[in-house]
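Take a look at the structure below.
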Amino acid sequence: MTTIVSVRRKGQVVVGGDGQVSLGNTVMKGNARKVRRLYNGKVLAGFAGGTADAFTLFELFERKLEMHQGHLLKSAVELAKDWRTDRALRKLEAMLIVADEKESLIITGIGDVVQPEEDQILAIGSGGNYALSAARALVENTELSAHEIVEKSLRIAGDICVFTNTNFTIEELPN
């Protein structure tokens, strides 16, 4: 699988992910870009799960963003509705973290939209719990930037989770 983590701190939101693509217990690729900018660079999105499924969801989510003039929550809820009701979409196995300058969300593989706890930290994927724990400890006990926290959290997850590597893609808003 993978690890995707998002941290919002001091006016910045950062989403980062590793680059490993696995098929069963075999590493197929080590430098996949699982974090991307959508909607003219105003929205960050990262995926965990099946790569082809995630690209389908990226496309669908970007269409929803266009349809709803970039309104993140409305677009996420509309995608989740489609995900639940469309037979083909229901078979997709992926999760997304999406974020803009105002809010961050997880869109789950069963069509739920989840807002973060008060700490504004989100993580998904096989190494998600490791990255989430590390990010929470770093936010609470350091003055590191959101970018530094995401990078350190991914590194910790990559050291523990065999389905996460240390080849990261990290995007942030504002630039």
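Positions of Cβ are set from backbone N, Cα and C atoms, glycine also.
Here Swiss-Prot flags Thr2 as active site. Feature annotation from Swiss-Prot assigns Na(+) binding site to Gly158, Cys161, Thr164.
Shown on the structure are the features that Swiss-Prot records.
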residue : record             : CB count, 10 Å
Thr2    : active site        : 28
Gly158  : Na(+) binding site : 22
Cys161  : Na(+) binding site : 21
Thr164  : Na(+) binding site : 30
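Rounded to a whole number, the distance between the Cα atoms of Thr164 (Na(+) binding site) and Thr2 (active site) is 5 Å.
The Na(+) site is defined by Gly158, Cys161, Thr164, and by the 8 Å test on Cβ atoms against their centroid, the other residues of the chain that qualify are Thr2, Thr3, Asp18, Gln20, Ser126, Gly127, Tyr130, Leu154, Ala157, Asp159, Ile160, Val162, Phe163, Asn165, Thr166.
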